[in-house]
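Scroll down for the structure; my scribbles are underneath it.
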Amino acid sequence: MLDFMPQIPVAEWINRTVSKTKEKFEFIFDPIKEDFGKFVETTADWLSQVPPLIVILIVAIIAFFVSGKKFGLAVFSIVGLWFIYNQGLWEELMYTFTLVLFASLISILIGIPAGIWMSKSKWAQTIITPILDFMQTMPAFVYLIPAVVFFGIGMVPGIFASVVFATPPVVRFTNLGIRQVSDELVEASDAFGTTGSQKLFKVELPMARKTIMAGVNQTVMLALSMVVIASMIGAPGLGDKVLTALQRSQEGPGFVAGFGIVILAIIIDRVSQNLNKG
Amino acid sequence: MSVIKVKNLSKIFGKKTKEAQSLLDKGFKKEEILEKTGCTVGVNRASFEVEEGEVFVIMGLSGSGKSTLVRLLNRLIDPTEGDVEVGGENLAKVGKETLRKVRREKMSMVFQKFALFPFRTVLENAEFGLEIQGIKKEERAKKAKEALELVGLGSFIQQHPNQLSGGMQQRVGLARALANDPEVLLMDEAFSALDPLIRKDMQDELLDLQQTMKKTIIFITHDLDEALRIGDRIALMKDGSIVQIGTPEEILVSPADDYVERFVEDVDRSKVLTASHIMKRPETVDIEKHGPRVAIERIREQGLSSIYVVDRSRQLKGYVTADDVKKARENEEKDLHSILRTDMPTAELESPIHEIFEIIHDAPVPVAVVEDGKLKGIIVRGAVIAALANGNGVTENA
């Protein structure tokens, strides 16, 4: 009864689309893979070469000031980072941090303008919303496959997959933040004769700042979680340690690397949340 | 010279505006149009002109279309039909660029809920309009400070709006609008969110400021007392149409229809009607020509207990009582100088009735209404009570 039609070759289509895309856009993908890959790698190497003590102190000072000159977060940062160093995971930490940093920056650079566009155009909102839903509900692992096709294995496909996974919140929150600006303030702005961009930069974005920052925080956290998954396609770092431990079923090293990720997550989360309060 | 000319200005909300417009032109009512087309008539062919330096109040209950009307004036809402001429330019038809220029330079707006920018300091809020125009930092700070001084907030410039009370916040709103030095000030229920005492202070202050600024002000309110207090002229709106335009007195004394009449019924008349409305033509004697003999005659004729005394140019000199005049006549005095009394209560033509009410109750003689020292009329106790009691008494006496 249900077999009135042979199986629709959707998988086939997607395969073809992906490989066609790769062929057509090789001239873009290849330089990204090569040059950007090198850039990321250099950054990670450079960070790993900074003496850990200096990194720990810098993070502690930042934590101290963003949390309103309180010691809690600073002390946690010092102890946490020292623990990671003590466990011999310092280099992995620097790689993971670099991946998170690039993935977040790219997500934000794409996400905020997209959110602004969405807030300004009903049409854009209608189109972008289902795309965001799709991006967020698709199992994160799936993004790894085209990432490998386009960029091979290593850090770049990891960042690519993380960006796809982590961008939606900052888009949504930017859109929400701007739409939530009260009608009266928008009217006031218009009544004084603002141009579109004056209104955006002098009224809407400052008013939406807290909401947008909440979105940024979400995006950074998602990027971090994805970076761990990205170790499956060869992204180095703490996630890689977890994966190796899983494959060899070594619960000790697995948990230790896991702790490292938790510590990094807490520091990034608290620092970015406190930035929002200021 | 009129600064703003509004002609047949309409706003219809909804999809079938053309159909609704033609029904409106045929004279259908707001509810009928809603039923037939699903469109809401916001403003129905409003026409008026506002003179330079005038405080023009648009008043009506909520839903009467007054807030829509004021937004049509600076085109925060696009009109469906009609013209808004400001300084020779028809704002309903101009392009974006010109509209922006008019909004920046000619018209500023003050909002009901203040609409201040919470992330900016008081000074930065007041600077907003100038900043938008691209004026340099020092200059705009200077102008904004002047505007803040004007509204009495000179020492609060570094605060943020949420640190100020409602009244002070609205002063910031006013300063922000004044900093641009606009020709026209649009005030949308500017004082409605304030509590009554503060509201009264703000009204007084606006009137004080207006004495020196001489701006053209369009003031929206739902409060008739407020309208009568500050308006040079008032436009009353109902269901999107302007029902009557007139001075406060005209609206009170000769309401155009039942709606206006019901509206003004509850007004505290004592605040609105003035001495000139309830005074009578006075009986007088001329101190230079008349002696006790004439005085006693007039007192008897009119059945009075006293009479006012003026000179040849009707300057008020005082009054004489019937008893004194009788004695003077018995003593065969030639003039009234020796018995002239000067402790009479006086009022100006514009004195509101409630002030007269306070001085009249223990006064020995009727209140003298004077202008530049000349006696213009007198007010007897009965007239005040009649005016306070109902409108008919007023018209008869006026």
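Using N, Cα and C of the backbone, Cβ positions are placed for all residues, glycine too.
Feature list (source: TrEMBL):
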DOMAIN    A:93-272  domain 'ABC transmembrane type-1'
TRANSMEM  A:46-66  transmembrane segment
TRANSMEM  A:71-88  transmembrane segment
TRANSMEM  A:94-119  transmembrane segment
TRANSMEM  A:140-166  transmembrane segment
TRANSMEM  A:220-239  transmembrane segment
TRANSMEM  A:251-268  transmembrane segment
Six or more residues out from either end of the transmembrane segment (A:71-88), which same-chain residues have a Cβ under 8 Å from its Cβ atoms?
-> 52, 55-56, 59-61, 63-64, 256, 259-260, 263-264, 266-267, 270-271, 274
When you scan the chain for residues with a C-beta under 8 Å from the transmembrane segment (A:140-166), skipping those not six or more beyond its ends, what do you find?
-> 18-19, 21-22, 25, 29, 32-33, 36-37, 40-41, 44, 95, 98-100, 102-104, 106-107, 110, 219-220, 222-223, 226-227, 229-236
Residues outside the transmembrane segment (A:94-119) whose C-beta sits under 8 Å from one of its C-beta atoms, at least 6 past its ends, are 40, 43-44, 47-48, 125, 128-129, 155, 158-159, 162-163, 166-175, 177-179, 200, 204, 212, 215-216, 219-220, 223-224, 226-228, 230, 235-239, 260-261, 264, 268
What same-chain residues lie close to the transmembrane segment (A:220-239): Cβ under 8 Å, and 6 or more beyond its ends?
-> 44, 89, 92-93, 95-96, 99-100, 103-104, 107, 140-141, 144, 147-148, 153-155, 157-159, 161-163, 165-166, 169, 257, 260-261, 264-265, 268-269, 272
